[in-house]
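Structure first, commentary second.
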């Protein structure tokens, strides 16, 4: 929600309940938001606020930083294009002109999206930041679709236009082998196996799971995804050698140390954010320099906070939604390894890192939109735009993997692994049937039977009032109840 929408008469602070902001139906400009009330305005009152939403106090200061700059961006963009057209001589290099034309087209689309796209649920540090990543999502999805429609050879050759060092098959690093924690045969360094595993991916695992915890905001879901991915690595190590790791690398370094510590720190940060007071003042309304610096730092924290209560066992709809979220998370994780395998990208390549940065920025918005759609379907009648794009991107990445290397994906699982997965799926389906069908039918039958007994008892009581048959009716009722018990 725009800051101008929270402005109150005089100097009294205005109250807001929604985290970050609600999407605007008429676009993303602050001017448009000021002209018409937001769709979530009726929810700003404390009586309609969800119990998991924090209360926000904002003085409504609307500075240059928050105003729309559509004409300014259009003028700068037109001047840049005019300079290229009139003052710059076009090179005679066709490949260079093609690359520059594609980059310019993407930049123009990003400028349009940043100024005109619809706002999402977040507004800090600035709504334009999140509109930028929304437009990057569109560009990335279009790029994936282009790659999907190429042949395998042409698709890998196309990567050379991005980086000449790509397009060359690279061997995957094997993390298995000697799994001794203490190697007595190596007198120089008996712990060399541990030091060999301590590479750049160790801090990446920690920070990755710290950020994933901030996205999911639930300890149980994070731990389930973390453990499930290790089982997937065990199951798929016959397809990708990169999944072959030592047992202590799986469970001690990954699950307990890197992932577990990242989840713990993320939960501590969530606890602080849920207890934080969300009271905002304009920068120029703060008298002290210390207060101004603190306000600048807090600009990079959420505008407000919503605690996620997934409650997967409360209904079949929420259970299926949580299972779908876990499935998409795991599929996106697997796509990271399979994409660089089929497109011949080394793990240290900057494109792999850029993809991770991309998912860090879009994942939080997508999770908030999914939670709103699942928790409050009457108010959020459709899935959010960023969540829709993330799901489409994950599916398209998987389709690229299927097309570019079907042989690897069709390598059959070992028999004992297949048995374990079948057993796990049967257990999940059995629990689902018991929890949402058998248990509910049993409880409903018991409730109906109890209501019938109470109704019959009240009817018998009414018939016994005023006549001398009360003792006889009571005796008959007692006999019938004893017969039913028998």
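Any Cβ shown, glycine's included, is placed from N, Cα and C.
The coiled coil annotation in TrEMBL covers 438-465. Annotated compositional bias 'Basic and acidic residues' per TrEMBL: 41-53, in sequence order. Sequence annotations record features per position, and here TrEMBL assigns region 'Disordered' to 1-55. Positions annotated as transmembrane segment by TrEMBL: 64-86, 98-117, 129-149, 219-236, 248-267, 319-338, 350-367, 387-404, 416-437.
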Tertiary contacts of the transmembrane segment (416-437) (same chain, 6+ residues out, Cβ under 8 Å): 234-235, 313, 315-316, 319
Same-chain residues at least 6 beyond the ends of the transmembrane segment (98-117) whose Cβ lies under 8 Å from its Cβ atoms: 27-29, 68-70, 73-74, 77, 84, 128, 131-132, 134-136, 138-139, 161
Dominant neighbour of the transmembrane segment (319-338) in 64-86, 129-149, 219-236, 248-267, 350-367, by Cβ pairs under 8 Å: 219-236
Mean per-residue pLDDT computed across the coiled coil (438-465): 76
